[in-house]
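Student: According to TrEMBL, the record shows the following:
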TRANSMEM  24-51  transmembrane segment
DOMAIN    42-297  domain 'G-protein coupled receptors family 1 profile'
TRANSMEM  63-82  transmembrane segment
TRANSMEM  102-125  transmembrane segment
TRANSMEM  137-157  transmembrane segment
TRANSMEM  192-211  transmembrane segment
TRANSMEM  245-268  transmembrane segment
TRANSMEM  274-298  transmembrane segment
REGION    326-386  region 'Disordered'
C-alpha cells in the first residue's frame, strides 16, 4: 500500500480501530454498487435530457441541473469506496483517500447550497411574484457558479491546513476527520456544520414556510383572475414544483442526518465509544443521496417525463407513454372547467388579480405570475383591526 502522505491526510492508525463484521463489508459494497451503477445512469440521463431540450433550461431547472451534476459526481466517485468494501481494505492509498474525501465532501456541500438556492428561487417566484422576473437564467447560472465555488472553497480548506481528510471507520472510505483533539481541525468541523448545514437549513425552512402559506392562502381564498382556468393551472403547476423540491429536500436531509449526528457525536463526545459499524453505515446512507433526485424529478415532473419518453429507443413505447400523459392533462383541464362552471352557476364572485409577467417554470411550462395578496393582510370587507 502507498503510505505516502500529502497535506490533509492524517498518519495511519491501528487497524483494530476499523474492524467491522465481515458480512457488513459485502452488504455495504453491494449497496454502493447500486449507487454507482443506478445513480450514475439516472443522473447522466437527467443531464442528457436537459442537454437535448433547450426549452427546459428555465431558471429553476438551472438549479436542478446543478443538483444532478453534483449527484453524478458523487455516484461516480462511490466506485472507490465500493471496491474497498468488497476487498475489506482501502486499495488506493493515501493520495486517493484524500481525493475521495475532498470530492465527496465537495459534491455534498455543493448540493446543500444548491437546494438552498432552489428554495430561495421558489420563495421569490411564489411568495414575491413582483420580483420573479428578475430571476433570469443568467442570474441562476451566476448563482450556481457561486454555489460551486463556495462548496469547493470549504472542501479545499484541509489542503491549506484547516481540517483534515482521513480514513473512516472500517478503513474502506475517506472523509473529514471528525474525531480530533487538534484545535484547528475542530474549529473547521464546527464551522462547516454552522455554515454548511444549520444556516442553510434555517433559510430553507423560512423560504418554504412562506411558500406554503402563500399557496394555502391562494387556494383557500379563491384568488383568481377573470381567466380562472389558466390561474388554476398556474397554481397546480406551482404546487407540483413545490412538492418536487420538498421531496428533494427531505431525501437530502434524511440521507445526511444520520451521518451528521454521528459526526457531531465524534466532535463533542468520545469517538472511541462509537461502534465502527455505526460510523460506517451512516456514511453509506449519505452517499445514497445521489440516487433520489433524478427519481423524484422523473416521478413528479411531467415535462421532464415527456422529454425522457422522447429519448427512449423504443418509439412505440415512448408514444404510448406520451399519450397517457396528455390524457391526464385533458382530465385535469376538464376538472378545472367543471369547477369554474359550477362557481358561475352558483353566482360566486370572482376576484381579479394583476398579471405581472410570464415566468418559465417547472421544466419549461410557462405560468402567468400573479400579484397574490399578502397572506397576513386583511381581505376586502375585513377590518385591519381585531
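Glycine is no exception: its Cβ is also placed from the backbone N, Cα and C atoms.
Surface or core, plus neighbours and distances: that's what I need for these features.
Tutor: Long-range neighbours of the transmembrane segment (102-125) within the same chain, counting only residues 6 or more positions beyond its ends whose Cβ lies under 8 Å from a Cβ of the stretch, are 8, 59-60, 63-64, 66-67, 70-71, 73-74, 77, 131-132, 134-135, 140, 143-144, 147-148, 150-152, 154-156, 158-159, 165, 174-176, 192, 196-197, 200, 203-204, 207-208, 210-211, 238, 241-242, 245, 248-249, 252, 256, 286-287, 289-290, 359, 361, 369.
Same-chain residues lying 6 or more positions outside the transmembrane segment (192-211) and placing a CB less than 8 Å from one of its CB atoms are 109, 112-113, 115-116, 119-120, 122-123, 126-127, 154, 163, 176, 242, 245-246, 249, 253, 260, 263-264, 267.
For the transmembrane segment (245-268), same-chain residues at least 6 beyond its ends with a Cβ under 8 Å from one of its own Cβ atoms are 67, 108, 111-112, 115, 118-119, 122, 176, 178-179, 186, 189-190, 193, 197, 201, 204, 208, 274, 278-279, 281-283, 285-286, 288-289, 292-293, 296-297, 300.
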Student: Residue list, the transmembrane segment (24-51) vs rest of chain: Cβ under 8 Å, 6 or more residues beyond ends.
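Tutor: Here the qualifying positions are 57, 61, 64-65, 68-69, 71-72, 74-76, 78-79, 81-83, 85-86, 88, 170, 172, 277, 280-281, 284, 287-288, 290-291, 293-295, 297-298, 304, 307-308, 311.
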Student: Taking residues 6+ outside the transmembrane segment (63-82), which of them lie with a CB under 8 Å of any CB in it?
Tutor: 29, 32-33, 35-36, 39-40, 43-44, 46-47, 50, 57, 92, 96, 100, 103-104, 106-108, 110-111, 114-115, 117-118, 121, 140, 143-144, 147-148, 172-173, 248, 284, 287, 289-291, 293-294, 297, 363
Student: Which residues of the chain, 6 or more past the ends of the transmembrane segment (274-298), have a CB below 8 A from one of its CBs?
Tutor: 17-21, 24, 28, 31-32, 34-35, 38-39, 42-43, 45-46, 64, 67-68, 70-72, 74-75, 78, 81, 104, 107-108, 111, 168-170, 172-173, 175, 244, 247-248, 251-252, 255-256, 258-259, 261-262, 265-266, 304-305, 308
Student: Cβ under 8 Å, sequence separation of at least 6 from the ends of the transmembrane segment (137-157): give me the contacting residues as numbers and ranges.
Tutor: 57-60, 62-63, 65-66, 102-103, 105-107, 109-110, 112-114, 117, 121, 163, 188, 192, 195-196
